[in-house]
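Visitor: Pasting the feature list from Swiss-Prot:
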type	residues	note
DOMAIN	56-111	domain 'TSP type-1 1'
DISULFID	C57-C92	disulfide bond
CARBOHYD	W62	C-linked glycosylation site
CARBOHYD	W65	C-linked glycosylation site
DISULFID	C68-C102	disulfide bond
DISULFID	C71-C110	disulfide bond
DOMAIN	117-159	domain 'LDL-receptor class A'
DISULFID	C118-C129	disulfide bond
DISULFID	C123-C142	disulfide bond
BINDING	L134, N137, D139, D141, E148	Ca(2+) binding site
DOMAIN	154-500	domain 'MACPF'
DISULFID	C158-C196	disulfide bond
DISULFID	C374-C399	disulfide bond
DISULFID	C499-C546	disulfide bond
DOMAIN	501-531	domain 'EGF-like'
DISULFID	C501-C517	disulfide bond
DISULFID	C504-C519	disulfide bond
DISULFID	C521-C530	disulfide bond
DOMAIN	541-587	domain 'TSP type-1 2'
CARBOHYD	W547	C-linked glycosylation site
CARBOHYD	W550	C-linked glycosylation site
DISULFID	C553-C586	disulfide bond
Amino acid sequence: MNHKLKPTVGLGYCLLCAALCLLLLRDVAIAGSGEEPSGVREARSVGTQVAVQPVDCVQSEWSSWTRCDVCRKKRYRYAKLVQPSQFGGEPCHVQGKEVEPCSPPSRYDCTHDETPLCEGFLCTYTGRCVPIDLRCNGDDDCGDWSAEKGSPKVPKACKQEAQEYHGIENLAKGINILHSHLEGSVIDNRYYAGSCLPHYIQDVRFRKPYNLQQYTLETKGTYDFKLQSFESYSEFVHYTMTERSSKTTVSIGFALPGVAEFGFNYADSKYSKSEKKIRRASRKENSFVQAKAELQLARYILKSEDLMLHPEFFLRLRALPQSYNYGEYRQIYRDYGTHYITEATLGGDYEYTVILDKEKLEKTGYSLEAYKNCEQIVLKVGANIKGVYVTVGLEGGGCDGLLNEMGEDTVKGSMVEDYVAVVSGGDSESITWLAAKNLPTPPLMRLWGEAVHYNLDFIRSVTRPLYELVTARDFSSANSLKKNLRRALAEYLEESSSCRCAPCRNNGLAVLKGTRCECVCPSGYSGLGCEITQRPDIGIDGSWSCWGSWSPCRGRSKTRSRQCNNPAPSSGGIACRGLQMETTDCF
């Protein structure tokens, strides 16, 4: 079915974080027969001979050199990734870009590009236009201190000292939606436009940056856990994807290639460890009980217009050529990310999942719902409550019998196959305690909550593409610059998508890191392609291929499609989720 894209896409389709880790599970079955070519790696998989063929990295020819960057005094050329290396294949030994020093013509300088008329003070180096009354006020309103030069005596900007909002610098950074990394600063959250109006939060004086519409502290959430139970792996994946999609939205203007690959930070060990355990549990005989606790401590909202850009980002945009060159525009996204954060809820959350052996649970005579209810009681009273009589409507008068079966710490009983914890916010010590193979106690939860106040993480956020920061106020050629940035974003996301990797075996997840693909294997599986195991066969979940080429423009729109064959679902695995065909506006 053909769907018209909406301007805002849920993070389930853009930033799936841990949910996508549970969903896009890949398979490559390369059966060995006859003579094996050189470089093929052999392995055993439940008595079946399999082979993984190395794939070498291939890059395109070099582009021509760009013009000399007048600000950086460098010029660039690039090569695009044609085929990433995988399964031990030969890597690419170049980074896909080359930079060399150059001398721009003397008639050009870093602020030469045409700028809109400034009716205030035009900053010497950054080219920023600020109100004339900001001169000699003690603030670095220009980003280069030029508005303070020549002042007889530089006073303090404000008579009273004020604190800076927690996490304000991270909120000024761009974010790369391919892997959720924060990159260089794109807006200037230390620009105040001369304002010294105090903003008091719990008797603490803060100074509000110009770009902010709202920054409030709010204590929402408790140390109580919300529990959900799932009879099967597919139910668990569907719920997790839907629940996480409500937490973050990413506006992109067009759909993303390999949409479900986005948002998961594969370099983060806490996610990769949980990923391996969950994928191992994709067999039909597993059930799941998941618990979550969330603390919301602050809310951040940007102004909707007239944002003050960070001076370095501002100069980089000014130095881009008006004629489109993918190499230079791609470098912007590598250095500053693809999006900026317009709204965010900050705090911390703790999520754990108990993976149960369904057959052993059924043999105890208790239901999955009974297990969930008893686990809720364990959490409310604070861990080892074996022998404590609590009525929860179970036949037999309480949880005593089931707690004996569950084990003293609930997650160590014979019916528990594994336990997965992912904690965000707080400090490393509290996170280490919480992620241990024990249910969290109320004292540990309080300790973690106190640490979250000093190390906030993103709980929910809304982002917009970087090109929306380009306005006619700052750029005389805003329309063409925005058009080029939007075009480059589409190319960059397509070039960098993990859908370009060959599928891994046994629900391993193929991840594109630079120019090479790696397989994140479920627990109990190993090898370059997750091909080595003594475990029985499991259902293989489907994953999307890359998007095909766009159709010719018809009117003002064009379409493209993709297939659920990378790999196709088999043996009862989950089908691909999301659109098979999409429509977007023509550039």
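Numbering starts at 1 and runs along the chain as it is shown here.
Note that Cβ sites are derived from N, Cα and C of the backbone, with glycine treated the same way.
Describe the structural context of each listed feature in the structure shown, including burial, neighbouring residues and relevant distances.
Guide: This prediction places the mean pLDDT of the domain 'TSP type-1 1' (56-111) at 85.
The DSSP secondary structure for C92 (disulfide bond) is coil. Neighbour list (C92 (disulfide bond), Cβ cut-off 8 Å, at least 6 residues apart, same chain): C57, V58, Q59, L81, S85, T515, R516.
Every protein chain considered, the tally of other Cβ atoms within 10 Å of the Cβ of W62 (C-linked glycosylation site) stands at 15.
Secondary structure at W65 (C-linked glycosylation site), taken from DSSP and collapsed to helix, strand or coil, is coil. Applying an 8 A CB threshold to same-chain residues 6+ apart, the list for W65 (C-linked glycosylation site) reads R75, Y76, R77.
DSSP classifies C102 (disulfide bond) as coil under the three-state reduction. In this view, C102 (disulfide bond) is surrounded by 16 other Cβ atoms within 10 Å of its Cβ, with every protein chain counted.
A simple way to gauge crowding: the CB of C71 (disulfide bond) has 18 other CB atoms within 10 angstroms, across all the protein chains here. The secondary structure of C71 (disulfide bond), as reduced to three states from DSSP, is coil rather than helix or strand.
Counting only same-chain residues 6+ beyond the ends of the domain 'LDL-receptor class A' (117-159), those with a CB under 8 A from a CB of the stretch are 110-111, 188, 190-194, 196, 207, 308, 310-311, 314-315, 318.
With a 10 A radius on its CB, C129 (disulfide bond) counts 18 other CB atoms from all the protein chains.
The secondary structure of C142 (disulfide bond), as reduced to three states from DSSP, is coil rather than helix or strand.
Taking Cβ-Cβ distances under 8 Å and a sequence separation of 6 or more, the neighbours of N137 (Ca(2+) binding site) in its chain are A147, E148, P155, A157, G194.
The Cβ of C158 (disulfide bond) has C196, R207 as same-chain neighbours under 8 Å, each 6 or more residues away in sequence.
Residue density at C374 (disulfide bond): 25 other Cβ atoms are found within 10 A of its Cβ, drawing on all protein chains shown.
There are 29 other CB atoms within 10 A of the CB of C501 (disulfide bond), with all protein chains counted.
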Visitor: Can you check which residue among the disulfide-bonded residues C57, C499, C530, C553 has the largest number of Cβ atoms within 10 Å of its own?
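Guide: In terms of Cβ crowding, the pick is C530.
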Visitor: Centre the Cβ atoms of L134, N137, D139, D141, E148, go out 8 Å, and tell me which other residues of that chain have a Cβ in range of the Ca(2+) site.
Guide: V130, R135, C136, G138, D140, C142, A147, A157, G194
Visitor: Per DSSP, how many helix, strand and coil residues does the domain 'TSP type-1 1' (56-111) have?
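Guide: In the domain 'TSP type-1 1' (56-111), the DSSP-based counts are 0 helix, 18 strand, 38 coil.
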Visitor: Can you tell me which disulfide-bonded residues out of C123, C142, C517, C521, C586 are within 10 A of C129 (disulfide bond) by Cα, answering none if there aren't any?
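Guide: So the list reads C123, C142.
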Visitor: How do the residues of the domain 'TSP type-1 2' (541-587) split into helix, strand and coil according to DSSP?
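Guide: So the domain 'TSP type-1 2' (541-587) is made up of 0 helix, 12 strand, 35 coil.
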Visitor: Could you state the CA-to-CA distance between C501 (disulfide bond) and C519 (disulfide bond) to the nearest Å?
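Guide: So the Cα of C519 (disulfide bond) lies 9 Å away from that of C501 (disulfide bond).
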Visitor: Using a 10 Å cut-off between Cα atoms, which of these binding-site residues sit near C123 (disulfide bond): L134, D139, D141?
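Guide: D141, listed in sequence order.
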